[in-house]
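Pulled from TrEMBL, these are the features on record:
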type     : residues  : note
DOMAIN   : A:68-288  : domain 'ABC transmembrane type-1'
TRANSMEM : A:12-38   : transmembrane segment
TRANSMEM : A:71-93   : transmembrane segment
TRANSMEM : A:113-131 : transmembrane segment
TRANSMEM : A:161-180 : transmembrane segment
TRANSMEM : A:220-241 : transmembrane segment
TRANSMEM : A:267-289 : transmembrane segment
Amino acid sequence: MAGGSTRDRGYAVYLIPGVLASLAVIVVPLVMTVYYSFTKWTGVGDPRWVGFDNYTRLFGDTLFWQSFGNIGLLVIAMAIVPTLIGLVLAAVLFDYVAKHFGDRWAGLFRSGYYLPQVLPVAVTGIVWSWILHPSYGSLNQILDTIGLGSLGRNWLGDEKYALYSVMAVMIWFQLGYPIVMFMSGLSRIDPSLYEAADLDGATWWQRFRRITVYMIRPEFYVVLVTTTIAALKIFGQVFVLTKGGPSNSTLVPSYFAYKNFFEKAQVGYGSAISTVLTVLIVILAFLFLRLQHRSEELR
Amino acid sequence: MTVRNPVRFFVLAGLLVLLLLMVGPLLAVAVNAFKSPAEYAANGPLSIPGSLYLDGIVDFWNRVDFGQKLWNSFVSALTVAVLGVVLSILNAYALGIGRVKGRVWFLVFFLVANLLPQEVLVYPLYYISKEVGLYDSLIAIIIIFTVIQSAFGTYLLTSVYTEFPREMLEAAAIDGAGKWRTLWRVVVPISAPTLAVLFTFFFIWTWNEFFLPLIFLVGNDNQTVPVALGVLQGDKMMDATTTSASALIGIVPAILFFLIFQRTLTRGIAAGAIK
């Protein structure tokens with residue numbers, strides 16, 4: 001880099017607006033939150049330094065563990081299930097539908113499955129809170145109409161079912177993203193690979209495992225890491241669908257932090273929750289990057 | 001081919017059922033938004049409306065002053081998209097083409113900034129915005145999202161600019177163009193397709209944002225579409241048809257953008273340019 005320094009001098013000035021803006025909106029607030037996490041503060045007056053008190057309290061708080069446990073289930077619903085179903089669907093659309101029915105059909109299905117992804121998170125929450133409403137919701141009314149009324153539930157209001165209902169909504173919401181990503185990865189594959197496999201008498205399943213899955217590993221990692229992080233950050237759907245209830249059965253860390261910040265005026269405690277969540281996300285992201293790097297070296 | 005026909009049938013049927021599951025909820029919203037509450041009570045959610053009942057949508061629109069919300073969302077999403085792209089260009093020019101000292105550390109910073117949950121920034125931002133008098137103002141939202149989106153833009157655009165053909169920069173330098181001129185006359189026009197992708201993503205992401213606008217935009221006149229719809233959930237006045245009506249007017253703009261931007265979006269997702 002030293003060799004290019006004479007030619008490249010004078011570019012640093014272009015970084016000034018970006019650096020100043022990032023300082024004001026990201027760096028300073030981040031440092032302030034970490035500082036608040038070591039204080040007791042209601043948001044009025046001066047924060048009082050309490051050391052690690054918030055963290056000790058946090059790790060003894062059943063709600064904290066419950067919110068992170070719920071996130072574990074939401075990672076299954078938002079990252080693992082959509083990735084696996086998306087992988088199969090992308091392969092079917094790319095390798096079967098496009099060949100036997102034409103590209104138009106494959107494209108039509110892809111757009112249809114992707115549709116929920118373009119809607120504002122809050123709006124998808126509204127749609128589903130209506131469908132799942134115990135008295136006027138369409139799901140229970142449909143069950144009644146077809147004579148399965150006994151299966152009707154208070155989907156979002158019963159703590160036995162609320163989290164599973166949210167998980168189902170999240171699968172619906174996320175499915176389109178892996179399909180689109182994987183299909184674009186598949187378009188990279190040389191068709192002669194599939195033809196060679198066909199000549200060797202490979203079954204569809206063998207081609208799926210040996211060619212499809214192998215070739216789109218880069219997309220596989222990107223999808224898994226982005227959806228996992230999205231699951232850890234989930235707020236909007238929970239806010240609109242359940243507000244973390246009933247009796248905290250759908251509580252997630254971001255909503256837990258929000259409640260402490262803006263409803264209970266426990267800024268220090270809310271900051272500790274946010275800090276733990278942030279550390280977790282950053283560690284996970286770097287683990288994924290390492291993993292991806294290693295798998296690329298092995299190739 | 002005839003041997004495969006049953007397989008073809010089942011594959012197609014399975015995909016169609018799944019399509020119905022994915023699109024069905026939105027169709028249900030569209031159908032029920034045009035029913036009167038009486039008709040909904042009588043015929044349930046699956047009947048086709050007997051007559052086109054528009055009062056539900058019109059009443060809801062007027063009650064929440066939806067035109068104003070649309071305008072707020074549009075102004076903030078558009079401003080963030082433009083400013084976010086400009087900021088990304090400037091950063092990426094210094095990092096990707098200028099290769100300034102410590103560029104790796106800047107890139108790590110922008111990567112981490114991308115990962116941060118908004119919860120870890122929200123309280124100080126809320127506090128600072130109150131101190132400087134920007135609380136409950138679209139300006140605060142515009143500034144914050146410009147910076148957040150440009151962290152992603154910088155990361156993506158730097159990798160594009162690192163590969164930028166050096167000959168073109170040298171040719172511009174020989175023609176006597178300074179760095180500023182080279183940026184706007186050579187680099188920006190050539191990278192226009194990537195910039196279009198960034199613009200589209202920034203616009204749609206900002207339009208859909210919920211958490212920070214929920215906290216910052218408390219006044220009725222300042223709320224964006226998702227906030228206005230989100231905070232009304234659980235309101236006494238929200239019956240089945242009003243909820244459908246409100247969902248429908250939230251869905252329509254999003255689908256409109258999807259159709260307008262479809263090409264750019266598909267290209268962008270293909271480039272891996274997505275959160």
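Glycine is treated like the rest: Cβ placed from N, Cα and C.
Bear in mind that TrEMBL entries carry predicted annotations, made automatically and left uncurated.
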Determine which recorded stretch among A:12-38, A:71-93, A:113-131, A:220-241, A:267-289 has the most C-beta pairs below 8 angstroms with the transmembrane segment (A:161-180). A:71-93
Long-range Cβ neighbours of the transmembrane segment (A:113-131) (under 8 Å; 6 or more residues past either end): 89, 137-139, 156, 169, 172-177, 179-180, 236-237, 239-241
Leading stretch by Cβ pairs under 8 Å, where the reference is the transmembrane segment (A:220-241) and the options are A:12-38, A:71-93, A:267-289: A:71-93
Go through the chain and flag residues at least 6 beyond the ends of the transmembrane segment (A:71-93) whose CB is under 8 A from any CB in it; none is fine as an answer. 106, 109-110, 113, 163, 166-168, 170-171, 173-175, 177-179, 181-183, 186, 208, 212-213, 216, 220, 223-224, 227-228, 230-232, 234, 252-253
